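Here is the structure we will look at, set down as structure tokens.
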């Protein structure tokens, strides 16, 4: 990401680490040698990295421009010293602290020139001894300056091939080691202490890579390894960067290719040596992974050379590059919000008027430049050590000194005795278990209140009546109202002692809902008493007047109201005269309102209001909530008994919970126990559990466990036992298991999950699952725990991808590349001979069209190790007509490459007609051997006979054939200098591997098949199969030679008939139809079908490979279950790789995907053999686990043992392994 652009053609130097409180500063000085000088070119400026700052923080005019700048710390200068090689050939020193103040007078420390008057160029400070400065001049001298005594520099001895010194660089670990590079291709390593050369490095090239013959433009030493360095070669035709390890100085450790022109500057990341920054003449600044040799990307390009690039020593997130475009840019290695900014730029560009577009074109192009983010995490962003708890009871950890992840068992803090007390949530299922548990709680109670609570739990478990609850609080058995005074109470009610619900109904007089108040019952009582005493008191039956003259006006009004049925008016008239008795008597004939009116008036007339009046009023109004809310909470026992006596079943639990909440709010120990009593009586799990959860935090302080965690587990176990028992007693059914939010028991659910984790850590997985089953699946954290336990308890529930068998392939240890271990390989050619084509003795080579070559040979940053021991390849000369054999009647077959015996031509007869019976075709006799050859008959197994020694006098004029991809990767060893058997026959040009499923049509005229280009990515293709052994340019014979035509001195012994007959199999290979019979000779030989294998097993597998697809290409819905993991893992890895690779590799990814789709199509049609699919499954498993060594071993085994079943898709598998390894 571009942070800042400074308009200046300059050379640069970052401030060293530890200077300016590690706030990075960038020194810029005008770059010499550029045209169109400006006044600002002679300014020495200091800039900060703040993108918003558009002016230097300090500058002075030094009246000169610079070849190079260097900045290092100093013992007597807090900001260090800046050194610069001047335009006039001298060297100057400046104080950055004075430059920050723009103090020109005190900024300059000193200026010196070399003794021989040479022009000094490159500079570099010694980081271990900052007083030492190295520089090189245009006469080939390397100078060492001591800034303590700058008047006395000394020069190192001149090299034999002295020329202008382009670069000097001090070693970062050994203070007296210096490297320099000049206009020759040599990099010289110096021992400054001994003032002598230690080593000269140069690269003479290897197979496929040209020699590094240009000048050395830049040298960068590894920050941490004293023997490693990188050099940039000034060769536009072969722009390479070489990394060296001086322990093996004869060959570079790696070759970095990707620049289009020579690199001019190198800078190693100071904090993570994995990264190397380079910039060059192609206007590119690239970042490399030095360990793998691949390019990680490049910063936005410049329109001119990038002359110098440098990683910031104090902030490795920043890099600076200077270009001849007149710009110094500061970049970040991480881009942010690039997509949004580019989208906004594109929208803005589309809205610009056509007339103004070209005026804004530079800014538009700059805003849409490609962004760059480092795809690998730098070392300073990586976590050096870490650990995570795993499941069950595991610790996964890693350390900085190992790339392996360690999995260990976490120490179990739960004692064995405590673990024995763990139980499932279904522990309390019988009455005896509950009773024993409650009795144990009574015995272990620390207070009387706690013991009463345990007794109440026992009573609730036995379905005791409310009378039992009152007895526990010291009250006698509850009785119905008037039980002691009224002898006329129903005997069934008097004898009832079953349940508190029925008892409360009787005590509550049963009919309170309508006219069941005390006064209504009073009327009934009066009526009952009247009827009972009817014999003793008869109603007066004398005559009377309704309106008596002696009655007062009030009495007459009351009488009139009664006659008309207005009882309420009569009652109110009595109350106005304070005739309470009369009003009370009259209200017995009225409704509720009459009775309430009398009751309220009576209550208001009482000067002293006793509590029984308040209670009676609440009872009469059925307002028990009034008593529970307003009575003194210290009398909670009386309130509880009042609730037991008068509350209905529906009212009982809410009223008890309200009373318990009032007690819980007091927050003292005794009140908490009292609240617990009320919650138990109400059978409210929510209130009871919340109270226990509050007690859990304080109960651990009183535990006698050895540790705080042990105390927590102990108290949590007791809580779970209480909750489990309570759920069993009340037969609790949770209605919120399907809820998704607003859970009333959320606190209890969290404890369930925590306790399940403790049980899992102790190995009690079934018990843990029993508690998780009590938690809603949508509760946070529940689903994950259930899934993890399910995987342990039900292994069959794990997806099949995790049941893949482990591969038996061991990783191959990497070998050190040696120059002598790399040998050239001889190309192998392939062709097919048509059994139905008319042959001729005068035939030109077949016009075979090879597969399309790659359009470009650029590697796009993809590098291989250098190949040594093989000369550069030359383009093959045009093919010559084959030389006829001197033997009469012999065929003119040209020997194929890689073979020291004559090829055997097998000409089966035409296919049988309908009238013919199935019979084995006859095998033709092979041609006689040529001069100097020994005849070797074909073997029954179809394998080639080992070749015998060829003459050791090759034709020096024979052109060297280029390698084909098949030959380059062939694992069949061959002699590096194998000449053809005929010294005048040129070596055949290697052709591309021909797929047996393709049929090529012959064309008229003789055409030379061009050699294939070097592939963009070197992969390991499959070796040629048995059907690809013959030469592509082998002319077919005119006829089958008879034994009499053979030389008498050489009599071939034909193999037995059984070995020459094709096997009879139910599945026959696909054979192309013969062409129409024609008497005319074809202009060139037709490409033939593959010969039939001579092994039944190989025939069947080859047939299955070439079998037609059952389903259309691209369909993946019919892949069998046992093969689907192959598809899923390979496809997932392909998608990961395609997102990780840079855009330059898109063609490689596309080709890999196309080849893998061929494999997926065959998996979908289930046409691959079981041995092959087993190997592919093991390969995919290793690749998915990033075990690339094992995956490569399996791929090699597939190619070597099952190669005849492999098609073009094997190249895609091989390439996927390579790409996956490079992007991990």
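Each residue's number is its place along the chain shown, starting with 1.
Just so it is clear, glycine is given a Cβ too, placed from its N, Cα and C backbone atoms.
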Residue from 399, 925, 1042 to which Swiss-Prot assigns phosphoserine: 1042
From the candidates 397, 421, 1044, 1058, the one which Swiss-Prot records as phosphoserine: 1044
Phosphothreonine according to Swiss-Prot, picked from 499, 958: 499
Three-state composition of the repeat 'WD 7' (302-341), taking helix and strand from DSSP: 4 helix, 18 strand, 18 coil
Residue counts (helix, strand, coil, in that order) that DSSP gives for the repeat 'WD 3' (114-155): 0 helix, 19 strand, 23 coil
